[in-house]
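Chemist: Got these off TrEMBL a minute ago, pasting:
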| type | residues | note |
| --- | --- | --- |
| DOMAIN | J:87-160 | domain 'Cyanate lyase C-terminal' |
| ACT_SITE | J:Arg100 | active site |
| ACT_SITE | J:Glu103 | active site |
| ACT_SITE | J:Ser126 | active site |
10 protein chains.
Amino acid sequence: MSIATLDTSQHHNLPTSAKTLFEAKAKKKVTFEEIAQKLGREEVACAAIFYGQARASPDDIKNLSELFGIDHAQLEEQLSGFPDRGKSIEMPPKEPLIYRLYEIVQNYGYAYKAVLNEKFGDGIMSAIAFSTKVEKETDKDGVVWVNINLRGKWLPFTRF
Amino acid sequence: MSIATLDTSQHHNLPTSAKTLFEAKAKKKVTFEEIAQKLGREEVACAAIFYGQARASPDDIKNLSELFGIDHAQLEEQLSGFPDRGKSIEMPPKEPLIYRLYEIVQNYGYAYKAVLNEKFGDGIMSAIAFSTKVEKETDKDGVVWVNINLRGKWLPFTRF
Amino acid sequence: MSIATLDTSQHHNLPTSAKTLFEAKAKKKVTFEEIAQKLGREEVACAAIFYGQARASPDDIKNLSELFGIDHAQLEEQLSGFPDRGKSIEMPPKEPLIYRLYEIVQNYGYAYKAVLNEKFGDGIMSAIAFSTKVEKETDKDGVVWVNINLRGKWLPFTRF
Amino acid sequence: MSIATLDTSQHHNLPTSAKTLFEAKAKKKVTFEEIAQKLGREEVACAAIFYGQARASPDDIKNLSELFGIDHAQLEEQLSGFPDRGKSIEMPPKEPLIYRLYEIVQNYGYAYKAVLNEKFGDGIMSAIAFSTKVEKETDKDGVVWVNINLRGKWLPFTRF
Amino acid sequence: MSIATLDTSQHHNLPTSAKTLFEAKAKKKVTFEEIAQKLGREEVACAAIFYGQARASPDDIKNLSELFGIDHAQLEEQLSGFPDRGKSIEMPPKEPLIYRLYEIVQNYGYAYKAVLNEKFGDGIMSAIAFSTKVEKETDKDGVVWVNINLRGKWLPFTRF
Amino acid sequence: MSIATLDTSQHHNLPTSAKTLFEAKAKKKVTFEEIAQKLGREEVACAAIFYGQARASPDDIKNLSELFGIDHAQLEEQLSGFPDRGKSIEMPPKEPLIYRLYEIVQNYGYAYKAVLNEKFGDGIMSAIAFSTKVEKETDKDGVVWVNINLRGKWLPFTRF
Amino acid sequence: MSIATLDTSQHHNLPTSAKTLFEAKAKKKVTFEEIAQKLGREEVACAAIFYGQARASPDDIKNLSELFGIDHAQLEEQLSGFPDRGKSIEMPPKEPLIYRLYEIVQNYGYAYKAVLNEKFGDGIMSAIAFSTKVEKETDKDGVVWVNINLRGKWLPFTRF
Amino acid sequence: MSIATLDTSQHHNLPTSAKTLFEAKAKKKVTFEEIAQKLGREEVACAAIFYGQARASPDDIKNLSELFGIDHAQLEEQLSGFPDRGKSIEMPPKEPLIYRLYEIVQNYGYAYKAVLNEKFGDGIMSAIAFSTKVEKETDKDGVVWVNINLRGKWLPFTRF
Amino acid sequence: MSIATLDTSQHHNLPTSAKTLFEAKAKKKVTFEEIAQKLGREEVACAAIFYGQARASPDDIKNLSELFGIDHAQLEEQLSGFPDRGKSIEMPPKEPLIYRLYEIVQNYGYAYKAVLNEKFGDGIMSAIAFSTKVEKETDKDGVVWVNINLRGKWLPFTRF
Amino acid sequence: MSIATLDTSQHHNLPTSAKTLFEAKAKKKVTFEEIAQKLGREEVACAAIFYGQARASPDDIKNLSELFGIDHAQLEEQLSGFPDRGKSIEMPPKEPLIYRLYEIVQNYGYAYKAVLNEKFGDGIMSAIAFSTKVEKETDKDGVVWVNINLRGKWLPFTRF
C-alpha cells in the first residue's frame, strides 16, 4: 500500500502543522482512509487538514494526537488557529492530476453555470457550506473510474 | 421558468455556432433539460456544445436542427469541425458561480491528489474519458443543495 | 446635478443592456437615486443592473421600461437572462475611485479575517447573500464623508 | 473562544513585529476585542497593527507592552518605524474570506463609482483619511450577518 | 511647430471625446499651450482632458467648443460624464518617454517614501488633490532640461 | 521626530549595505535630512543610496562611515560596486504612498508625452541624467502640500 | 564525457531526492545512459526520476541504491511517495534548450491538433499513458541531428 | 472522414490566408493528408502553412491554388510574405490536446536537457533547422497510439 | 527577391500609416534597402518608420510620397505626429527571430552590465541617442552570419 | 578603476560558482578585461561565465583557478556542469541599463525581422552559434559611445 507523503522542500507556504502531521503519517504508514475512520470524517477533509485547508475540531486534534502519538499540546497549538486557505497551490496548477480538475472548470465552467441557473435560479453553489468525497468504481469491463462528488448549498443572490 | 442565454457582446472568442444556438434557444424558450431529453445526453454536455466545448455528433446536429428549426446544412457547417476547447473563459474566472468551482480546486487540489494517489496509485483522473452531471437535492429541512458528479477514467502513468 | 454615463467605446465586455440603459439614462437625465426610488431598490443595486452585475426582476424590467420609455419586449430580451458577473472590470482596477476600495482589501484583508474569525468562527461573509449601500455624511466641520455599508450573511465552513 | 493566530511559515513578508505580537497574543489568549478595549481603538485597526498595516502610536506601544508583558524597548524598536503597507497579501487573494471582499469590489466597483460620482461629484473616497469597523447582527430569524462599515473622506479632484 | 495627435487605431479604450478633440486639434493645428491659455488651465490638465483622464467643467466645454468650432451639444454629451480614468495606458508602459517616468517610481519609490515619512509623518501625497506642470529650462551650456512639478496635498492616515 | 527604518524581513532583494546603513541610522536616530547635509546631496539621493538605488562616491562612503561610526573598509566593500537598480520594489507598487506616484504616471502618462513632445520635439526626459527633490509647503490656510520636482535632461531621438 | 549535474542553489522547488541523487551521480561520474542500462528504463525517464517528475519503482530504488551506494532506507523514504510533478520549471522556460521545445508547441500546436483530429477523431494524445526517447543521428554529411520520439495513447472524448 | 476547420471568430490574430485556405478546405472537404500528398510535404507542415506558421514556397502556392481553385494572384499576395510566427496561440494553451504537449515540456524539460547535454554537449536542438511528423500506431491489443517525431539539428554554443 | 509585408489582421495596434506604407511597398515591390537609399537612412530606421517606431522627417515624408506615389497630404497627416512607440509587439516576443534577440538580453543582460560598468562607470547606453544597423557576412566556408551593430551614447548617472 | 561585483543577497538563482568567482574577483580587484586577456575570450563571455550563462572549458577553469588562486578541484566541480541559462534575470528587466537593451528589442524587433527577412530569407539569427563584444568609442566632440556587436549564424527554416 502506498502512502501519500509531503516533501516540505517543495512547498514553502504550508503551515507548521503540515510538516508535523505528514512526518507522523509517513513514520506510522497510515493512509487517509484509516485517518478518516479514526476521525469520522471524509478522506478529502482529512487530507485538507494535513495541507492546512480545513479546520480541525478539538476532537480531531485529540484523535490525531492519539493516532500518531504526537504531544497534544503541540498539536493543539499548531492546529487550533483558523486555516489560512489557498496557500497550498499556485494557479494554474502544474501538477497533472490537479490540472485535470482545473481543466474541467476551464472547459465546462459556463456549461455548469447555464445548467445551474436554469435549475436553481440566480445564485451560486457554495464552496463553504460544502462537502466532497471520492469513490472508486470498477466497471464490468474491469476499467477503473474515479467518482468525485461535490455537494454545496445553493445560495441565491439577495435582492437589495 | 428562466432560460440561460448568451449575450455575444460579452464573449469574443466563442464559435459562430454559439450565437446560432443560443439565439434559437432564447427564441424558442427551451431549457437545457429539454434539449438533453431530445438529444439523449446530459444537460452539461448539451450546454458544453452550445459553448463550443463538446462535439456534436451527426445525430445531435440533426436533433438540434429539428428542435430549433435551424437549417441542417448551416448547423452542420458550424458544428461538424473539432471543438477548439478552453476559449469560453479567462482564468481565474471572475464569474462568482464559476469561481466557486475554481476555489474548490484551489483549496482541495492537493487533498484530492493525496487521496487519489493512495486509492489508485500514481496517475490521474482523465478529463477526456470523462462525464459529469448535476442534480438538485432538497434536504429534509427544505434546504436546497447542488450535487455535481465528476466521473473520469483512472489513467496510470506509463513506466518507460 | 451630474449624471453618471457610460462611454461604450471604453468597455468592451458589457452586455447589450448596458448600452440600452445608459443611453436612456443620459437622454432622460435621471440619477440612480431616482431610479432606486422607482424600483424600490438600493442605488448600488440599480447601478449594478446597469453594468450587468445584478439581476433585474420582471418588476424591475417593467419599471425601467416605464421610466425610460424603452420597449418592454426589447428590455425583457436583454435583461431576463442571468448576469455574467465580473466582466465590467479588469483587476487590479486602474480607476482611482475603485482602486481605493481594492486597496482597502489589500491593506486590511487579513485584519478583517482575524477579527471575523474571532467574532464568528471559521467561515466567510457571503458576497451573494449580501447587500450594500452608500450614504453621505457631513460632519460638524462641514467635511464630507462617504459611508459604505457591506452586509453579508455569515457562512460557517461545513464539517465533512 | 477561538483566537486568531499567525503561522509565520505561511507569511514571508511580514515585519518582525508581527511575529512578536502574534506569539504574545497566542500565549496570553487574548482576542482583538480585548486588545481594542485596552488600546481604545477599533478591532480592525488593532489587527492591522499586528499585520504591519497600521501605525502604532507611542501610547499603543506602551499599552501593548503592558498587556503582553513584552519589553517596551524591543516593541518600540519594532513598531516605531512607518508601516510598509500592502505586503501582507498577494492579489488576487486566495483566502476565501478575503476573496469575497475582493469579489465585492470586482462586481460592484463601477456601480459604486457611478453612485458616488452622482452623489458627491468627481473625486474618490479616501482610503487614508479612513476608518472601518465590523459588527455582528443576528436577525429575528436567528440568522447571523456581518456588517462592515467603510468610512472615508471625500476627496474631489483638484482643478488645475 | 509640431502638434501632438492621436491615432485611434492604436488606442482601443479611449472615450469618444478623445477622437473628437484630437481630430479637431489636428485640423486646426493648435498646441496644448494655446489650448491651456484659452481654458485657463495647465497644459497637462488640458492634455488629460483630451485623453479622458480629467474632467472638463462646463466652461471648459464651452471654450473647447468655441476654439475648435465643435457643436456645443455634441461636446457636452461626450464630456459631461465622469472620467473613467486609467484606461489610456497599459502598465508597465512600453512608450519610452512614459517608461522613464515609471522607472523613476520604480527606482526611487521607497526613497520618496522614506523622505516623505520623515518630513510629514505617516500618510501619503494625494494624487487627487493634486496638480502638475511641465517647464522647459535651458542651462548656461545650452543643455535643455525638463522640469516636472508634482504638487499634492499631504493626507495623514486616520487613527481609528 | 520620526525615523524611517528598514525591516529586512520584508525586503528580500536589497543589498547587504541596506541592512548595514539602516541599522546604523536607527541606532543613531538620524534623519535623511541630516544625512543629506553631511553628504552635501539631496535627501532622496541619500535614501536611494540606502536602498541600493544610487551610487555612493568615495567621499559619500567616507562621510557615511564617519557619521555612523561604521568601519570604512566594510562600508567600502559593500558600497563600491555598481548599484543593481530596480530590485527594491515589485510593480505595481502595493504601498499606498508609492502607488500614488505610480497612479500619476498611469493617469497622466500620455498627457505628459503630448505636452513634452510639443514643447521639446521627439525624445524623452532622461531618468539617468536626472535629479529630484522634495519640498514641504504650508499654504495660507495651513494646509500642507508636498512638492516633488523631477528634473531630467531632454534627449532627442537620434536620426539614423 | 560530460556529466549533467544539479546546482541546487538554482532550483528551489525540487524534492530532497534530487539533491541526494545528483550528488551521488556527480561523485560517481555516471551518465544517464549508464543509469538507464542499470534500471532497464529510458534515459529521459531516469532523468525525470532525478528531477522528481517520474515515480521510481521499488526495483528502481534498489538499483539506484546499489549503483550509487546510497543507504536503501534513506532513498526509499525520499523516493517512495508520489511525484509532485511540474515543480522543476517556471513557464515559459528561460533555458534556451527547453525554450526550443516550448517554441515547437507554440508554433505547431494548432497544426498538431488539426492533423491529429483528422487522423484520430476528437480526443487527445495522453501525456500520462506516454513514453519518450531521444536518439542521436549523424547524417551522411556528418551533421548531427536530435530525434525525439513522443508516444502517447490516443484518448477519445467520452460522449455523455 | 472528419475535416479540420477554422472558425475565425475564435482566432483574432491569424493571417488573412488562414481564412482563405480553411474556407477552401472546408468547401472541398480535403484532409491535410491529401494536401500533403499534393504538396509533397509533411501533414504538420501543411497545417502550419494554413495557420500562418510556415512559409509556402512558390510551388506550394501554385499547388494550393490548383487544388482549391483559388485565384493564384490572390493566394500569392496573401502567402508570399514571411510568416509572423507564434500568433496562433496564447500560452499556456487552454486547448486540452495542445496542453498535453505543453505539459510534456513542463514535466520533462529538464530531463531532456540533462540527457541531450550528456549525449551532445553544450547546445540546443534547433526548432528552425527542424522537421516533425505524426504517425498512427495500433498495437497488438488494438490500442491506438500517437507517435510524434521531432527532428532538429544540434547546435553547439559558440565559444567566444 | 522577397519583400517583407504586413498582414494587418495580425497587428491590432499599429498606426494607420503602417497599413498605408506596407500596402504601397507590397504593390511596388521595393525592399527596405531601396527605401533606405531613397531616404538616406539605415534600413532598420526605415522599417521602424513603417512599424510606427521612428519618426519620419518632412523630407522622409516627401521621399516616401514620391517613391510610392502616395498623396503627400495624406501621408503627412498620418506621419507627422509623434510615434507612440512600443505598440508593435507583445513581450516576451513569440516570433522566433525576435525571440532570439530577446534571449540575448535575457542571457547576457547582466554580463553586458558588468562589462559596461567597468569600461564606462555608473550609467547606461542610451536607446534614444542610438542607432543600429544590420550587415551580412559570408565567411570563408560560405557560412552566412548576421552582424547587428548597436551604437548608443553613454549616459552617466547624475549625482544629486 | 571600478570593479563589477556581485551582492548575492540580491540574486537568489545564481549557481554557486557565481559566488566563488565574484568573491575572488572582488578580493583580487581584477576587471573582466584582465580576465578576458588571461582566458583569451571576449569580456562579455567572461562575465557570462561568472553569471552562469556560458560554459567554461577545462582550460578556462584552469586559468581561472590560477588567476584567482582558487582550488582547481573546487572550481571544476562548480563549473564543469552544463549552464542552466536564463536564471540570472527576471524579465522585463528592472535594471535601467539592461532595460535599454530590452527596449531596443521591443521597439525595433519587427524592424529587424523585416530587414533580416529581406536580406537573408525566412529564418533567424542564431543566439547559440553566436558571439558578442562591446567597444568604447569617443567621437571627435569627445562624446562617449557604446558599440555592441551581435554576430549570429543565419539559420534558414527547414522545408519539411
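Please read every residue number as a count from 1 along the shown chain.
Cβ coordinates come from backbone N, Cα and C, glycine included.
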Chemist: Pop the Cα-Cα gap between J:Ser126 (active site) and J:Glu103 (active site) into the table, whole Å please.
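Modeler: Here the two Cα atoms are 20 Å apart.
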Chemist: Pop the Cα-Cα gap between J:Ser126 (active site) and J:Arg100 (active site) into the table, whole Å please.
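Modeler: Distance between the two Cα atoms comes out at 21 Å.
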Chemist: Over the span of the domain 'Cyanate lyase C-terminal' (J:87-160), how high is the average pLDDT in this prediction?
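Modeler: Average per-residue pLDDT within the domain 'Cyanate lyase C-terminal' (J:87-160): 97.
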Chemist: Other than its own, how many Cβ atoms are within 10 Å of the Cβ belonging to J:Arg100 (active site)?
Modeler: 24
Chemist: For J:Ser126 (active site), list the number of other Cβ atoms lying within 10 Å of its Cβ atom.
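Modeler: Total other Cβ atoms inside 10 Å, all chains included: 22.
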Chemist: Helix, strand or coil by DSSP: which one applies to J:Ser126 (active site)?
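Modeler: Reduced to three states, the DSSP call for J:Ser126 (active site) is strand.
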Chemist: Over all shown protein chains, what is the count of other CB atoms within 10 A of the CB belonging to J:Glu103 (active site)?
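Modeler: Taking all protein chains shown, J:Glu103 (active site) has 21 Cβ neighbours within 10 Å.
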Chemist: Mind sorting out which of the active-site residues J:Arg100, J:Glu103, J:Ser126 are close to chain H, meaning Cβ under 8 Å from one of its Cβ atoms?
Modeler: J:Ser126
Chemist: Using Cβ atoms only, which of the active-site residues J:Arg100, J:Glu103, J:Ser126 are under 8 Å from chain E?
Modeler: J:Glu103
